[in-house]
């Protein structure tokens with residue numbers, strides 16, 4: 001696969017996401033950069049109405065600032081019984097300055113009267129790559145389905161991973177090893193689809 005770039009900026013300040021994406025993207029054989037390599041870059045405000053809006057905004061915004069090819073993502077948890085919440089506000093569910101623990105508490109409290117059978121939920125990850133001109137080159141989406149459990153379990157993952165039970169495995173996403181998460185997790189699946197899209201684009 002001949003790519004139009006030899007370096008790719010991963011536009012996230014989240015260390016866990018950075019590590020997961022870097023590992024998943026290793027087979028591309030390109031130099032992977034992080035925002036630490038561009039200390040003067042101004043943080044792009046994630047104020048879009050959808051996950052896609054935010055992913056595209058970050059990819060375009062950081063490409064314009066750095067002159068690099070940029071991969072950006074936005075990820076959210078969508079709970080059916082809550083009308084898709086917390087969704088695009090997953091990281092700020094309990095408030096703009098809320099901690100992970102506070103977001104988790106709000107989620108579990110919101111589901112207090114919802115039986116387990118109606119707690120279906122999914123993580124959605126939207127990836128977007130922009131070229132140095134700030135034009136979107138390709139996009140990909142990945143999903144991971146399960147249900148929300150009250151008790152947090154697991155040593156891996158971030159955010160709500162410890163509460164989403166992957167039903168067929170009877171384990172929380174945060175109990176799955178990083179290698180397993182790259183196969184069945186939302187970012188892992190989005191990355192797999194991104195590879196397919198890059199292969200398709202490289203043949204055009």
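Indices start at 1 and increase along the chain as displayed.
Glycine residues also receive a Cβ, built from the backbone N, Cα and C atoms like all the rest.
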Among 66, 75, 99, the candidate listed by TrEMBL alongside 12, 13, 14, 15, 16, 17, 186, 187 for substrate is 75
Residues 12, 13, 14, 15, 16, 17, 75, 186, 187 binding substrate per the record - widest CA separation, whole Å: 18
Among 12, 14, 75, all listed as binding-site residues, which has the most CB atoms within 10 Å of its CB? 75
Look up residue 14 (substrate binding site) in the DSSP assignment and reduce it to helix, strand or coil. coil
Measuring Cα to Cα, tell me the gap between residue 12 (substrate binding site) and residue 74 (active site, proton acceptor) in whole angstrom. 9
